[in-house]
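Chemist: Feature table excerpt (TrEMBL):
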DOMAIN    9-254  domain 'ATP-grasp'
BINDING   LYS46, GLY53, ARG54, GLY55, GLU109, ALA112, GLU117  ATP binding site
BINDING   ASN209, ASP223  Mg(2+) binding site
BINDING   ASN274, GLY331, ILE332, MET333  substrate binding site
Amino acid sequence: MNIHEYQAKQVLKGFGAPVASGVAITSASEAEAAARQLPGPLYVVKSQIHAGGRGKGKFKELGTDAKGGVRLAKSVEEAVAHATEMLGNTLVTAQTGDAGKQVNRLYIEDGADIARELYCSLLVDRSVGRVAFVVSTEGGMDIEAVAHDTPEKIITVAIDPAAGVTDADVAKISDAYGLDGAAREDAKSLFPALYKAFTDKDMALLEVNPLIVMTDGHLRVLDAKVSFDGNALFRHDDMKALRDETEEDAKEIEASAWDLAYVALDGNIGCMVNGAGLAMATMDIIKLYGKEPANFCDVGGGASKEKVAAAFKIITADPAVQGILVNIFGGIMRCDVIAEGVVAAVKEVGLKVPLVVRLEGTNVDLGKRILNESGLAITAADDLDDAAQKIVAAVK
Ligand code: ADP
Ligand code: MG
């Protein structure tokens with residue numbers, strides 16, 4: 001689950017990280033009052049969408065000469081003018097895709113006098129099984145280019161979970177940034193605070209880009225992106241409350257309402273499976289035969305007929321899907337329940353693309369009979385290999 005920048009800053013502030021003061025608004029009429037709460041004389045009007053690259057982004061409706069999705073203003077009036085122009089329009093950034101995202105919310109923030117823009121993120125470094133800081137002196141709006149062209153400028157500092165962020169870790173990060181004076185002092189509390197926020201709240205990613213050194217020598221978190229580990233959200237009701245469903249894929253919301261694991265991908269074969277291992281094997285074998293999965297929906301063990309039907313409807317709702325492969329190994333899950341769910345879903349929403357079904361395991365004969373007697377145009381497959389070849393052939 002992702003949250004907005006202004007929410008992420010609120011969370012980080014709670015852990016003692018230095019952030020600017022700011023006010024989130026959803027209508028232009030709130031802009032003036034919001035800006036007047038800030039000290040000035042510099043204001044920043046920031047689009048709140050779940051995508052980065054806003055500064056360099058362009059509004060579809062405003063043409064290429066208009067300013068981007070993060071704008072500086074030197075007066076309250078200018079901030080209001082920006083807010084009025086930005087709200088409701090569609091921002092296209094390197095991360096949104098061509099469709100862009102509608103800006104329904106702005107964060108009006110105190111402007112900072114920036115001396116240096118640094119990059120700092122925390123993530124789970126699976127190669128060492130630890131939370132790690134990833135830092136670079138080359139912060140700001142081009143970190144992707146830095147990672148591509150000069151990867152040696154990106155440094156990783158993994159944290160020992162038993163010790164937490166030690167003085168030595170802070171020194172290592174501070175040296176990598178070349179911090180001195182007030183910034184070096186600030187670092188002693190900032191980096192442990194970021195680590196504590198990450199681990200306490202079960203984050204999957206915390207990215208501060210840029211972390212700035214201001215002209216007064218102090219550090220400030222100027223941008224913040226936070227993603228939470230969905231599997232741990234059940235123990236963070238306060239974070240769950242920050243969810244903005246208008247920013248999420250409708251199919252993923254529907255899937256999570258049914259407690260289904262749904263993942264959208266780039267290809268055109270929709271996959272219904274049970275279990276993560278079977279999902280991966282199914283996707284691998286589709287690729288082996290020359291096609292790409294459009295998505296997969298894992299119905300897990302012991303799903304009801306209604307849940308299976310919901311999964312099937314989510315898969316077919318993706319316009320990229322040109323064929324569906326149902327690949328189920330019935331262990332706890334029963335093949336007849338899968339068959340009933342698929343038949344119920346097809347009766348409700350129809351079947352416009354080829355469907356290949358491979359069932360194996362508990363109640364397989366009953367499951368096959370339900371599919372056969374349904375009268376639906378379903379291609380039965382004997383095993384995984386056969387199933388993959390049949391769906392790839394049907395889509396080609
Ligand atoms: P994005 O990464 O989506 O482009 P950022 O929040 O990083 O958005 O903002 C882009 C750039 O705008 C920053 O790199 C920084 O130069 C400038 N900026 C953002 N917030 C402020 C602020 N409060 N004061 C001054 N400059 C800012
Ligand atoms: Mg940024």
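In case you wondered, yes, glycine gets a Cβ from its N, Cα and C as well.
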Chemist: Find the one among the binding-site residues ASP223, ILE332, MET333 whose C-alpha lies closest to that of LYS46 (ATP binding site).
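Modeler: Going through ASP223, ILE332, MET333 one by one, the Cα closest to that of LYS46 (ATP binding site) is ASP223.
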Chemist: Taking the residues the record says bind substrate (ASN274, GLY331, ILE332, MET333), how far apart in Å are the two Cα atoms that sit farthest from each other?
Modeler: 10
Chemist: Please identify, among the binding-site residues GLY55, ASN274, MET333, the one with the smallest Cα-Cα distance to ASP223 (Mg(2+) binding site).
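Modeler: Closest by Cα: GLY55.
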Chemist: Where ILE332 (substrate binding site) and ARG54 (ATP binding site) are concerned, what is their Cα separation in Å, rounded?
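Modeler: About 47 Å separates the two Cα atoms.
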Chemist: Measure from each Cβ of the binding-site residues ALA112, ASN209, ASP223, ILE332 to the atoms of ligand 2 and list the residues where some distance is under 6 Å.
Modeler: ASN209, ASP223
Chemist: For ARG54 (ATP binding site), write down the residues of its own chain that are at least 6 apart in sequence and whose Cβ falls under 8 Å from its Cβ; none is a fine answer.
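Modeler: Correct list: LYS46, SER47, GLY68, GLY69, VAL70, LEU91, THR93.
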Chemist: Find, for the listed binding-site residues GLU109, GLU117, ASP223, the residue with the lowest Cβ contact count at a 10 Å cut-off, counting only other Cβ atoms.
Modeler: GLU117
Chemist: C-alpha of GLY55 (ATP binding site) to C-alpha of MET333 (substrate binding site): distance in Å?
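Modeler: Answer for this pair: 48 Å between alpha carbons.
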Chemist: Determine which residues of the same chain, besides ASN274, GLY331, ILE332, MET333, have their CB within 8 A of the center of the CB atoms at the recorded substrate site, and list them by sequence.
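Modeler: Sorted by sequence, the hits are GLY275, GLY300, GLY301, GLY302, ILE328, PHE329, GLY330, ARG334, GLY361, THR362.
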Chemist: Between the binding-site residues ASN209, ASN274, GLY331, MET333, which lies closest to GLU109 (ATP binding site), Cα to Cα?
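Modeler: For GLU109 (ATP binding site), the closest Cα among ASN209, ASN274, GLY331, MET333 is found at ASN209.
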Chemist: Greatest CA-CA distance (Å) over the residues LYS46, GLY53, ARG54, GLY55, GLU109, ALA112, GLU117 that the record ties to ATP?
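Modeler: Result: 19 Å between the two most distant Cα atoms.
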Chemist: Relative to ligand 1, which of the binding-site residues GLY55, ASN274, ILE332 have a Cβ found under 6 Å from one of its atoms?
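Modeler: Going through GLY55, ASN274, ILE332 in sequence order, those close to ligand 1 turn out to be GLY55.
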